[in-house]
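Input: a single structure, listed below in structure tokens.
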Amino acid sequence: MSMRTEYCGLVTEHLLGQTVSLCGWVQRRRDHGGVIFIDLRDREGLVQVVCDPDRAEMFATAEGVRNEFCVQIKGLVRNRPDGTVNAGLKSGRIEVLCHELNVLNASVTPPFQLDDDNLSETTRLTHRVLDLRRPQMQHNLRLRYRVAIEARKYLDEQGFIDIETPMLTKSTPEGARDYLVPSRVNAGQFFALPQSPQLFKQLLMVANFDRYYQITKCFRDEDLRADRQPEFTQIDCETSFLGEQEIRDLFEDMIRHIFKTTIDVELDAKFPVMPYSEAMARFGSDKPDLRVQLEFTELTDAMKDVDFKVFSTPANAKDGRVAALRVPKGGELSRGDIDGYTEFVRIYGAKGLAWIKVNEKAKGRDGLQSPIVKNLHDASIAAILERTGAEDGDIIFFAADRAKVVNDSLGALRLKIGHSEFGKANGLVQAGWKPLWVVDFPMFEYDDEDARYVAAHHPFTSPKDEHLEYLETDPGRCLAKAYDMVLNGWEIGGGSVRIHREEVQSKVFRALKIGAEEAQLKFGFLLDALQYGAPPHGGIAFGLDRIVTMMAGADSIRDVIAFPKTQRAQDLLTQAPSPVDERQLRELHIRLRQPEQPKA
């Protein structure tokens, strides 16, 4: 008999009466009145093994095994006795009567119990190998595998070709910092790890591969959050001779296919499409969570002439905004709740949080409870109540500041209230999956510090045809042929139609204050390629880590990556990054500069 004939979790009634050979780890060992029970675990699940003292040698071995010992057992599959069936296990109706037990490798005492759900992330990442044995991590990584498989299946069927692009490439500005790799052979010069395969996949379209994809690592040296890692995985795609709508349809179908085949979820037959300007106006975010049934009310124009400077000053500012968020039944919120929300919005730059409770709308001013009502005229109060559609028992929150502060703070408050216990109890958040496309993004953003425009996405995105004329006259008016797929408040994919004509690409570089010499130095290979009959093309990249995180219901993408980094970009398992030998630095022509010591 081979070392293993079955997986533990797959031993069921179909093997009754058969002798099996199993390998795995001891999840738990229990001694019940002279009979030893072992819960044996492998990647497919658990099976109960019964060790009877009638087999003395085997029983002696069983007495010595402990949790996480790696063992092999051979035994007979039989029904569990009446009253001992475990309906929570796939193998819960049977057990294996052990005939032979071999310890393949002993284990020291683990630093934690694998069924402990209250471990710190530091402990889990330091002992990641043990953490990966936990059923939830096994599930997450197998789900990740299935998502990748289904993405490949779909793309293969649609005629896409899997092509690898370089990992050692040229440093080009794409927003975040590059991870640099010094060249030993070319002293003083550096490769960069790719932030994306963006330029190479465009070159593949010029090279007539028509449809490309790869599931690939990308690298960005940026501050980390729950949904960010210094190295992450993209489902990266590019296609020729399709327009923006056709590209969206193609990849919308892919996401529907992946969700249906991996977690049996039917996403909407057609994803809604929302312009960027509408998303910001209604939700203060370009990745709105449509499950939350709360929206902004625009008040900027109505507050321009009020005496209340907190509202009128930003209402009259060039980049100011005044907006309201009506919360149905929010009158139930206590002053402590409101104070907590006030402190919360300060995180996003808000100076405070104005509010009005609507107790009896019919009474006008006298039916309202608020510290700001005394500063507003009756006409302004009436306008607020009418626009927000407030009813008795509601509360209205206000934000008045620079538009970015209003959007960030009120947008975060919308999500916090919507997903709170209060929000759930009052129907302010829906269950399920709410996908959408956000389109018509600004082509450029203005950087006040550098006094120039920067690319909102990347400088290879095509402007909308009707906005080409603005590239040289008014870049701020340009909208891009860019699109993001958003799901439950997460951007899971983003892409665009690309610039395929050299003269348009050069105009974009000029709008970004990238001169001809600099453009040739950094992007000459692209500009040259575009002159050889480059086809119209576009694409998209999906964050595999994010998609799997959402499907798994995990708190962080670190829970769906085998060996992730911390939020300080450290690997606690291998202790990377780490110092290197002076000899290695000399070979790379690198000398470390000691950090300056603070002055006494």
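Glycine is treated like the rest: Cβ placed from N, Cα and C.
Swiss-Prot assigns the feature region 'Aspartate' to one of the listed ranges (198-201, 210-213, 490-493), namely 198-201. The ATP site recorded in Swiss-Prot includes ARG220, ASP221, GLU222, GLU491, GLY543, LEU544, ASP545, ARG546, and the single candidate from GLN214, GLN229 that the record places there is GLN229. Below 8 angstroms of C-beta separation, residues 165-166, 169, 172, 174, 212, 236-238, 458, 460, 523, 525-526, 539 of the same chain, each at least six residues beyond the ends of the region 'Aspartate' (198-201), sit close to that stretch. The recorded positions recorded for this entry are HIS32, GLY83, ARG220, HIS457, ARG498, and the Cα of ARG220 lies nearest to that of LEU544 (ATP binding site).
In three-state terms derived from DSSP, ARG498 (L-aspartate binding site) belongs to an extended strand segment.
With DSSP classes pooled into helix, strand and coil, the tally for the region 'Aspartate' (198-201) is 4 helix, 0 strand, 0 coil. When the recorded positions HIS32, GLY83, HIS457 are compared by Cα distance to GLU491 (ATP binding site), the shortest distance belongs to HIS457.
Taking every pair among ARG220, ASP221, GLU222, GLN229, GLU491, GLY543, LEU544, ASP545, ARG546, the residues recorded as binding ATP, the greatest CA to CA distance is 19 Å.
Put plainly, the binding-site residues GLU222, GLU491 were compared by Cβ crowding within 10 Å, and the winner is GLU491. Candidate recorded positions: HIS32, GLY83, GLU222, ARG546. Nearest to HIS457 (L-aspartate binding site) by Cα distance: GLU222.
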